[in-house]
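Student: Below is a structure I'd like to ask you about.
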């Protein structure tokens, strides 16, 4: 038996070998192996890792992606280490198209040409993005002036809250002015949409399709170049070779493909997104980074609030107020009057407060009720406000105004169903609780705002001038506000505020 040093590669023409490997001396560095077989015999096949990677079939690597924030892991995790979400990981098997043109390439919401070309900032022209008015003033307010050509807007909200109704009204307004509207119906039949359109009084002719393949939608945008494209919903859009519809990869890559098509064709595009049980848009968080604008539609009492949380073409935090009626979502032009319409007069514990929700000033009613407690420990119930701030205000009233609250249950409510974490409501809470305890109602023409500190001082708040202007438009002549506001004397402490109200 002789030891033979043999250089191998992966092809073989031996009669006894079905793997296709044969000795090859003229290939250097392919791998040196010592065989103890007799030289005339066929050399057995050996697996040579790394000698020729093209001969191997690569092992499919499975990733797990958090459907909340897009965090990737090699194994499923119970809790995402990035966003702390529980049971949010979904399996994703990379396909051939994942690294291709429909994959992660160009995920950002930009419309530039790919490549290595550099452009100096000084040579870039200055121009405003053209806007298309939606025909609904409250929606235009939230979007910053209207729909931007080539901009992509993501609208989220609970099922049945009115997303499709609002967008069908917008489509009617745009089409009635001569613009072409493409409506992609992924969840409803065309007959169902026709019935809703008849109920809403939609008279314009819309171009509709039920084809939810992202490649085909992009082709329609390129062919027709509509003024507005509505996709209802993004969770029904599919991309070839990217897994099941509604999955992380489908939603991510479908959004990226439609965004690129919208930028290239200059089409204002609106994507409808489902929400999870905690109120966030279903799908990977990267989807919200791709789009230009993200707005949410939520229910507050009898009203619908449209709130922007991201806007590349305007100011985020804008708020629009709507009311659902038989003819659709109707814009509420004066939210302050709407929220104060049912306010009782001459009742202790009721105060009109000037607040700011997002970027919009409005007047709301702060209510307080104090009653003797039958329990050893008095209760504190807060609705619509920050409970910790209310506890601070109650402590200030006890310490600085000698108001006894230890044996009283105190209830504080922000009427209307809104939840506003505004420090400027502190003074309204203080006066409402004081009014409820002493049993004296505030005058009808008084509105207040201001932050209360631990020393009992009244501090200034953001957007004080806009708050005062909103109160003036509503007819409130007396303002109890912090010092420093033009035309107003201002109060420096809670004690001064009490004296100013009941002077």
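Every residue gets a Cβ built from N, Cα and C, even glycine.
Below are the features I grabbed from Swiss-Prot:
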- 66-83: zinc finger (ZN_FING)
- 118-138: region 'Disordered' (REGION)
- 157, 158, 159, 160, 161, 162, 163, 164: ATP binding site (BINDING)
- 310-314: motif 'RadA KNRFG motif' (MOTIF)
- 409-503: region 'Lon-protease-like' (REGION)
Student: Under 8 Å between C-beta atoms and at least six residues away from its ends: which parts of the chain pack against the motif 'RadA KNRFG motif' (310-314)?
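Tutor: Answer is 109, 129, 143-145, 148, 151, 288, 291-294.
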Student: List, by number or range, the same-chain residues at least 6 past the region 'Disordered' (118-138) whose CB is under 8 A from its CB atoms?
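Tutor: Residues packing against the region 'Disordered' (118-138) from afar: 145-151, 166, 169-170, 172-174, 176-177, 179, 227-228, 268, 306, 313, 320-322, 331-333.
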Student: Using the Cβ centroid of 157, 158, 159, 160, 161, 162, 163, 164 as the reference point for the ATP site, which residues of the same chain not in that list have Cβ within 8 Å?
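Tutor: Here the nearby residues are 165, 297.
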Student: Sort residue 160 (ATP binding site) into helix, strand or coil using the DSSP assignment.
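Tutor: Its secondary structure by DSSP: coil.
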Student: In the structure shown, which of the binding-site residues 159, 162 has the fewest Cβ neighbours within 10 Å?
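Tutor: Fewest other Cβ atoms within 10 Å, among the binding-site residues 159, 162, is found for 159.
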Student: Just to be sure I understand the packing, how many Cβ atoms besides its own are within 10 Å of the Cβ of residue 160 (ATP binding site)?
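Tutor: Around the Cβ of residue 160 (ATP binding site), 9 other Cβ atoms lie within 10 Å.
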Student: Across the motif 'RadA KNRFG motif' (310-314), what does the mean pLDDT come to, as a whole number?
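Tutor: That stretch averages a pLDDT of 91.
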Student: Write out how many residues of the zinc finger (66-83) are helix, how many strand and how many coil, based on DSSP.
Tutor: 0 helix, 4 strand, 14 coil
Student: Under 8 Å Cβ-Cβ from residue 158 (ATP binding site), six or more apart in the same chain: what's there?
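Tutor: Listed in sequence order: 275, 298, 299.
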Student: List the residues of the same chain that sit at least 6 positions away from residue 161 (ATP binding site) in sequence and have their Cβ under 8 Å from its Cβ, in sequence order, or write 'none'.
Tutor: 297, 298, 299, 304
